[in-house]
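**Q** What Swiss-Prot records for this protein is below:
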ACT_SITE  C142  active site, S-palmitoyl cysteine intermediate
COMPBIAS  280-294  compositional bias 'Pro residues'
DOMAIN    112-162  domain 'DHHC'
REGION    280-309  region 'Disordered'
TRANSMEM  29-49  transmembrane segment
TRANSMEM  59-79  transmembrane segment
TRANSMEM  160-180  transmembrane segment
TRANSMEM  193-213  transmembrane segment
Amino acid sequence: MTLLTDATPLVKEPHPLPLVPRPWFLPSLFAAFNVVLLVFFSGLFFAFPCRWLAQNGEWAFPVITGSLFVLTFFSLVSLNFSDPGILHQGSAEQGPLTVHVVWVNHGAFRLQWCPKCCFHRPPRTYHCPWCNICVEDFDHHCKWVNNCIGHRNFRFFMLLVLSLCLYSGAMLVTCLIFLVRTTHLPFSTDKAIAIVVAVSAAGLLVPLSLLLLIQALSVSSADRTYKGKCRHLQGYNPFDQGCASNWYLTICAPLGPKYMAEAVQLQRVVGPDWTSMPNLHPPMSPSALNPPAPTSGSLQSREGTPGAW
């Protein structure tokens, strides 16, 4: 039975872990600037070309684009402040030489020790070098919102990309319709603003559509944007449950409890009660190397049904 490792040394991490925490002010300022930029261009759009269409009886354009703006703004702000699935350290964690094993679809994964958070991280958990935290089911760090994308906020990220695509497309179509219907009128501020907004929307729509396609393919195959090149996983993905199940686990499945750090041990919050770390951790070797019973399920969330942690 081959024992798979889900992290170093067989996984090459794309960015080395920093020795010191990275500054947070400039990335946060950049994320806030993106929100202001969205509001600014939306204000120009609604104040000029969309206003002209509404004044001439075309109320469908402001209603549709207004709804898409609200959805986009909500998803952007929600993603900025969302919890990606942070796993905090616990002081009762065993040392790095202790071996933990978890089973995923009849494959045994040896959990890797995180030297920053001082605990054995589950499969697909990665220590983000920008946030200096371990994120469950890590996908990537999004600098546009200055937040990691992981198990608990991936659906908000997909909603943001989809709503931005629809909103950019709606703004582009609205501006083009406005320019076509005002060809008989002299050049004005409304036309200049419509051209600026249309060019900006078109420039945003192309990369967003490509990103949406890449993420859709990633979800369909239970893949990740961040993917270490594991020699033992070439051509095999034990987390793939099938296209329909992958989409359900990503978008619709319950997120499960949050994990919080206590003074002595890692705890799982379930209302006012909590379950101690031994009930959340996978069993230790060598007993963990025994194959699970046929009735035992696979991991939950984006990995499958409930696992050992």
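For all residues, glycine too, the Cβ spot is worked out from N, Cα and C.
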**Q** Report, as numbers and ranges, which residues of the same chain sit near the transmembrane segment (29-49): CB under 8 Å and 6 or more residues beyond its ends.
**A** 62, 65-66, 69, 72-73, 76-77, 80, 143-147, 171, 174-175, 178-179, 189-190, 193-194, 196-197, 200
**Q** Do any residues of this chain, six or more beyond the ends of the transmembrane segment (193-213), have a C-beta under 8 angstroms from a C-beta of it, and if so which?
**A** 41, 44-45, 47-49, 161-162, 164-165, 168-169, 171-172, 175-176, 178-179
**Q** Just how many other Cβ atoms lie inside 10 Å of the Cβ on the residue listed as 'active site, S-palmitoyl cysteine intermediate'?
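**A** Excluding its own Cβ, the number within 10 Å is 19.
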